[in-house]
Every structure is written in structure tokens, then in C-alpha cells.
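TrEMBL annotations:
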DOMAIN    8-67  domain 'SH3'
REGION    103-128  region 'Disordered'
DOMAIN    144-328  domain 'DH'
DOMAIN    359-466  domain 'PH'
REGION    491-537  region 'Disordered'
Amino acid sequence: MKLLISGGSIVNAEAIWDHVTMADRELAFKAGDVIKVLDASNKDWWWGQIDDEEGWFPASFVRVEPHPPQPQTKQVFYINPIAAPRFQNTSTKLWVNQEEGTAVEAVEGASPSPSEVQNGHADASPSSSDCLCLGQPIQNRDQMRANVINEIMSTERHYIKHLKDICEGYFRQCKKRRDMFNDDQLKVIFGNIEDIYRFQMGFVRDLEKQYNTEEPHLSEIGPCFLEHQDGFWIYSEYCNNHVDACMELSRLMRDGRYQHFFEACRLVQQMIDIAIDGFLLTPVQKICKYPLQLAELLKYTVQEHSDYRYVAAALAVMRNVTQQINERKRRLENIDKMAQWQASVLDWEGDDILDRSSELVYTGEMSWIYQPYGRSQTRVFFLFDHQMVLCKKDLIRRDILYYKGRINMDRYNVIDAVDGRDDDFNVSVKNAFKLSNKDSDEIHIFLAKKLEDKLRWLRAFHEERKMVQEDEKIGFEISEYQKRQAAMTVRRMTKQKGHRSVPPGYPPPMDPMNPGQHLVGDSMDQSEFESTEPERCKSPFWQSFSRLTPFRK
């Protein structure tokens, strides 16, 4: 790859934020890692290397030092100007890495602000007092807090510009070309980007009101995050949709017309030289960066500061938002396995599993008694969000499952049953619990093999209700496009195999008390999870499907 670092030397960049990759060809790293910068021709996305891994990473996540580092010498490095015509007369200064305790000073009169330098570009008329270089005494905590505040404000202003470019430069132009894009395609590619733009505009307006231009370290921005905390959940839909957006764009880009169209949109809007998929990744990276920025701000905020408790609370809120978004994204990545599981269950009836559910919570085998029959039956139960599916094992081929019904968990309450004589069923029970219909007298009773199994099931039902409530709070759901894609994946896999998919036994349940651990209880012989036919290899599908049950602590 062509090196675009001035002087032909490779420059090392130190990561100041963790970078969580969300797309192919991105370089993941932790704060403190050293990245070898190979291409810095773009002011926002650079190409770098860690060990043997290469990929793209956001320039704003790192600060740059020469190689080898020379902390005692004041040095300023330049990279070649960005290829776009409007930047041809601009050179870009990189922020030289600082050893801890080493301050910065202004250099050469006209220098960009710290946030501008970290983003790899400078405004046309920057203030000389904003430049960060090596050489001065240790900055006090107020100055460090001011630097972080200025960084947050700067990145917010740039982010608004990015969102405006996406909405006005791409989305609105695409809506005009009905001959090239239909409504479904626009929804897949851009998701709820306009909602994010409107929300972010309001957030930045409030942030600007709290920004103290004379003494930035006195700014109180923590309350802004708390006031808008519910609004940040709109990023969940966008992040969940991002993988599908990349797939759809990749498909369209095979046609030269779309390549030329998107490039024309970029030039008309006078956007920087980044492909459309780079712009669409920006909101994903932004929501991941908030906890990192707030953690840095809290680090330089004394407890006596009026903003301290608000920043601490905002940090907890934003960490929870990003954690839940990552959890939803993980679930969507596994819906193909759920569709494949349904295809492997024989005699399936009714709605598809994905019509209501998106997560396998728990699975296991129990005895079951259902009124009015009162006869005990052994079934394999799969607890998903919103529903529990009942299956029966084949009498000869114990690795084959038959669909035997489902229970709508939204309509039932879970009731613990005391060991002894049960009045509802007039039978003696042990390690039992009931499902009672909220709207009728219908009752199901389940008998686990051991007390530990019963406790795990009760914990699983609690987790299922908690998951449903959280999904309702943020409006999480599987889109019709994602369902179609999952169905297509199953059809393609079935066609490649040339026969109907048959499961090689159900997975051992996950342990609700010990997340990530599988269980093989007395009710399930270990041999059931091993192939009984030498010529038939055990499929990895059930192993991967069982990993869809990550109980949260």
C-alpha cells in the first residue's frame, strides 16, 4: 500500500479510545495500543496495522507519535493533503503523542485545536491558542478538563455536519430517484438516520447552552446526557440495521450506475472523500464513543465540581445504552440460526419462530401435565422470548424433534409449586412449577428432574420477562427484511445439502446461574448428544444454536 506519511516514514499512533469494530476491514484495538499508520490520506479514516492485522480505523480515536518515539524533542508531523479538490492547498498536522505529565504549547502561530488535530484536519482559520504540542509544564486538572470538554464539543459539531451530509447529500437525492431506489431499499440503507439527525440537533443545542466559552472547564454538560438519555435508544434500530445496509450497498455497487450516482451525490454536497458506507458507519462509531469520552471527562472532574455527579450518572447511562445496543446486535446476528432451527423441527405448524421471537433463552427436558387430560408427558421445551415451543423426540431416532405446540408466554404467569399433593391436578408433585393463563382457568404444570433444574427454569422465565420489557422500552424488533434474509439463508443451505435439514439432537441447556456454561442433567443422557451412526458426523449447528442463550448477570 502506498505510504502517505510525509517523508516516507511510518508513523505510530497511540489509541486513546477503544475501537469496537462494526464492519469488515476495520482494525480493532484497545486504549493504549500502538497502531502503525500506513495510510493517512483521509482525514477521518486511516489505514493501519497491529501485528499482522491491517484495517481501517477512525483517526479521532488515536494520537500520533513519530517512530521511534522521542518524547524529549518537540516535533510536528504533516501528512499529505486530502485528495478532494477543496483541500488541495491544506496540509494536515498530526497531534504528537505526549508522555504522561508532559504539557503542550502553541507552535507556528496558526494551529488547529486538539480535536481538529486528532481528526486529522484543520479549519481554515484556527486559533493559535488551541494547538497541542510538547514542551510545557504539567497542565492542571482544570486545563485537562477543558481539553476534554473542547474535544466533546468539537466532535459533536463535526458529527452534526456528517449527519446533515448523509440526509441532504445522499438520502434526499436517493428519494428523488424512484427509478433506482424503492421504499424498502431506502429503509434498509438509511434506517432511521433522519430521526437520529433531528435528535442530535436538539442534543447539541442543549449542549451548546451548557458550554462555557470563557472557562470551558466550568461547563456542566452531564445533565444534557441525562435529559436526553431516552433519545439515545434510537441508535439501537440504526445499529441493528447497519449490517443489512452494508449488504444492500454492496449489492447495488456491483452496478456502475449506483457507483456514479453516489459519487455525484458526494461531489454536489461537497462532502469529504469517503465512500457512502463510511458515512453510514459514523452513527455506529459515535454511540460507541460516548462512554469513552465521558469516562475521560470524569477522570479530570474533581468530586467538588458541580458537574461531577451528573457526569458519573451520564457515564453509567451511556454504558448501559451501548451495552444493550451490542446485545441487540448480537441477537440479530443469530436469527439465521433460529430460522435454521425451525427448519430442522419436523411437522412445524403455525407462525414462524421469528414472527415473535429473537432469542433462545433456555432449553431442556421435563415432564408436563396439561388440563384437562391430566396425563404426564415428557417433552423438550425451548423457551424463547414471548413463547415456549414444545417438541417430542423420535422414538427411534432420538436426535429428531417433532413440533408439538407452543405456549404464549405473554398470557401466562409463572407460579412456584410446593412439593406434595397438588390440588389443581390431584397428583403428587416434586420440583414443580406452573404456568397459569391470565385470562382463563387453563393451567400447565411442569416437573423437573432435580431441584436445581427447577430453579434454573424459574430463573429463565424471569430473564424472559425482563428481556421482553427491555425490548418494549427501546422498540426492538426484527424487520421484515431481516426475516426474509434469514429465510433465504435457510433455503440456500437446504438446497446445498440437497435434503431437509434434520437436527442431530437438541443442545444441552445453558446454566442461568453460571452464564456461558452448558448443563447435562440426569434427565438427559450424555450419549444423546453423540452420533449413534458412525458415517454421520455431528453437525456444529446445535452447538452454535445453544450459544444463543447468554444469561445476563
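Backbone N, Cα and C define each Cβ position, glycine as well.
Predicted, not measured: the structure shown is a model, and the values here were computed from it.
Using the rule of three or more Cβ pairs under 8 Å, pairs at least 6 apart in sequence, the domain 'DH' (144-328) is not in contact with the domain 'PH' (359-466).
In this model, the domain 'SH3' (8-67) carries an average pLDDT of 79. Look at the domain 'PH' (359-466): DSSP puts its residues at 19 helix, 56 strand, 33 coil.
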